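What follows is a short report on a single structure.
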Amino acid sequence: MQDRIRKIIHVDMDCFFAAVEMRDNPAYREIALAVGGHEKQRGVISTCNYQARKFGVRSAMPTAQALKLCPQLHVVPGRMSVYKSVSQQIQTIFQRYTSLIEPLSLDEAYLDVSESTAYQGSATLIAQAIRRDIWQELNLTASAGVAPIKFLAKVASDLNKPNGLYVVTPDKVQEMVDSLPLEKIPGVGKVALEKLHQAGLYVGADVRRADYRKLLHQFGRLGASLWKKSHGIDEREVVTERERKSVGVEYTFSQNISTFQECWQVIEQKLYPELDARLSRAHPQRGIIKQGIKVKFADFQQTTIEHVHPALELDYFHELLEQVLTRQQGREIRLLGLSVMLKPELQMKQLSMFPSDGWQ
């Protein structure tokens, strides 16, 4: 464990885009609802409510496939300007309790409340207060996880969804990690999970007892990362938007995709709007020096392309996508990401936007 015990909260809004639509239109509250593109335009689902999820509908799923699973699904186009505005209201609530806020998207964020004096420094009470404020002021529900380390806070926020809170105290970290199924750990996808199971690794305790060198040999960086997490170690800090040299968003597909059109729909309808909103928060002047795109294939090989570009433009990502997919070689795609490098205030540094440990 780390010497300094931190208090990290991960807040995740419940089916955010769909929840905003249900809040603003009572007719949507009792039906299976999704926000996404039209099936005739090969659209994809941005998010859906829990009624739709019961039928297997998921984010980034082609709308046509979602309608086959749930014929009564009502699909509405997204109102990104509204979602951005609500996200800003949520950020304002966070700021009452801490300035150490790391947004991951419009609907989720890490908060470090280690030094907060609110509620006598109780992270549990702060998380309860944040969820209460969001409900009372915005009529939306949020789930939260509290833990001394980031990845467990994120795991915990999912355990009592929707509209729930789960707290992992420092003395319970190792116990929770030991019993945690590996598929619950962020970054462990289907293919990796199969390989882990083939190696006899199913829960955190299995990894903790494994030989580190064998893990590194078999699984590379993933093995090293899992070994640390299995010992309750996650040294990543909560990084505020203004501390960043780059801003990025990415999405791991529940089912691999393969075509340019599928990739472009996800970029246009999901990733680009989120990147646009995050850039506005991180750098209101919107000064950038590069745009980049990242693709991870089904075989876990990753490739990136980044080019100098002075302004965020959707059409430029179209060009970058065409270029990066020339490296596809028939492989399916499991992850897609976009990023921009911010223009520093004093000096332009040519740093990679896609560091080896991934975007935070």
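Backbone N, Cα and C atoms are what each Cβ position is placed from, and that goes for glycine too.
Source: prediction; values computed, not measured.
As recorded in Swiss-Prot, the features of this protein are as follows:
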| type | residues | note |
| --- | --- | --- |
| DOMAIN | 8-189 | domain 'UmuC' |
| BINDING | D12, D107 | Mg(2+) binding site |
| SITE | F17 | site 'Substrate discrimination' |
| ACT_SITE | E108 | active site |
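For the domain 'UmuC' (8-189), the mean pLDDT of the prediction comes to 94. DSSP assigns the residue listed as 'active site' to a strand segment in the three-state reduction.
Within 10 Å of the C-beta of F17 (site 'Substrate discrimination') there are 28 other C-beta atoms, taking all protein chains into account. Using a 10 Å radius centred on the Cβ of D12 (Mg(2+) binding site) and all shown protein chains, the other Cβ atoms total 19. Per-site Cβ counts within 10 Å over the recorded positions D107, E108 peak at D107. For the pair the residue listed as 'active site' and D12 (Mg(2+) binding site), the C-alpha distance works out to 4 angstrom.
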